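Some notes on the structure that comes next.
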Amino acid sequence: MLFSDKELREILFCEDEKFLEELYEKARETSKATFSNKIYIRALIEFSNYCKEGCYYCGINRNKSSVHRFRLTKEEIYSAAESAYEAGFRTFVLQGGEDTHFTDEIFSEIISHLKKNYDAAITLSLGVRSYESYKMFKDAGADRFLLRHETADSDIFQKLHPADQSLERRLKAIYDLKALGYQVGTGFMVGAPFTNIESFIKDIKLIREIDPAMIGMGPFIPSKETRFESCPAGTLEMTRKLLAILRLEHPKALIPSTTALNTIVENGRKLGILSGANVIMPNVSPKFARESYNLYDGKKSSGLEAIEGVRELNEYLKEFGYEIEFTRGDYNV
Ligand code: 5AD
């Protein structure tokens, strides 16, 4: 179903708890109709926090001098993938800053290695590159790509990024990825500075146009020593409303209950699932990497957020009627 603008405003401004509970229930029923009570897991390998970009909100942007920078070696990436595979993961997500050390050739080699040695899906989350680079990665065996549009309002986009970036450039990359046959994920931050209900409505409509396989959306959380360090975080309520709307509009999309949501509230992971999310991305990076991959302050990277917590995670999900699904979890039209 698609909501009218009027209905979207009604939901996004609504404070009536009963109405909202009904909305969340509808969203999780919709998720169950496609995915039953299964929650897909993705092994998140954070391979580098070097970044050539200066996104004003981001805790690993190039201008933040207090970040302890790291980059995993190929062997460290392979070893993280090996442990993840042993733990039952069948999707590897290679996520990192836009690190120029990783040339197209190096990435292609890593992708081919993983593809050759594991029966698993490979998802990339490494920012904007050229059509040719994306094609090389696809040819090397990559299946999916995550690239959030961050906000669909181009003026707000400009206020969140230095002048060398634009919404247009992001969208070109997203459409390049689609044209190459990737399963594409996009999404935005809820409550980033300058965003508002009208900009969220634009996000919802842009996501209709992109028609993505995956939708990643979590609250903005301030990061110290960035220009937005004193801005308030996005809220649980707004994130839940948007998750539910997107689930209802995209019954088959793979939608994570994000670490960011679980960082702003204790039971955020559960509340995300109960609003229609159906994916969790535990961290499988080596511990030293997890500690420095801080896109925002207070980011969780242990326990149920990590590889060592998979069994516990399953127990946790079962408490409210869900369970882990260990297969690849491709998008099915
Ligand atoms: N708060 C929440 N999410 C953030 N991201 C980057 N910085 C922050 C922050 N301060 C998100 C962006 C990016 C994804 C990898 O992490 O949406 O696309």
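Placed from the backbone N, Cα and C atoms, the Cβ positions cover glycine too.
Database features (TrEMBL):
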type: BINDING; residues: Cys51, Cys55, Cys58; note: [4Fe-4S] cluster binding site
type: BINDING; residues: Ser125; note: (3R)-3-methyl-D-ornithine binding site
type: BINDING; residues: Glu150, Arg170; note: S-adenosyl-L-methionine binding site
type: DOMAIN; residues: 37-261; note: domain 'Radical SAM core'
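Arg170 (S-adenosyl-L-methionine binding site) and Ser125 ((3R)-3-methyl-D-ornithine binding site) have their C-alpha atoms 13 Å apart, to the nearest angstrom. The separation of the residue listed as '(3R)-3-methyl-D-ornithine binding site' from Cys51 ([4Fe-4S] cluster binding site), Cα to Cα, is 13 Å. Selection of the binding-site residues Cys51, Cys55, Cys58, Arg170 by a Cβ distance under 6 Å from ligand 1 yields, in sequence order, Cys58.
Annotated pair Cys58 ([4Fe-4S] cluster binding site) and Glu150 (S-adenosyl-L-methionine binding site), C-alpha to C-alpha distance, rounded: 11 Å. Surrounding the centroid of the Cβ atoms of Cys51, Cys55, Cys58, where the record places [4Fe-4S] cluster, the chain contributes additional residues within 8 Å, namely Glu53, Gly54, Tyr57, Gly59, Ile60, Asn61, Arg62, Gly97, Glu98, Leu295.
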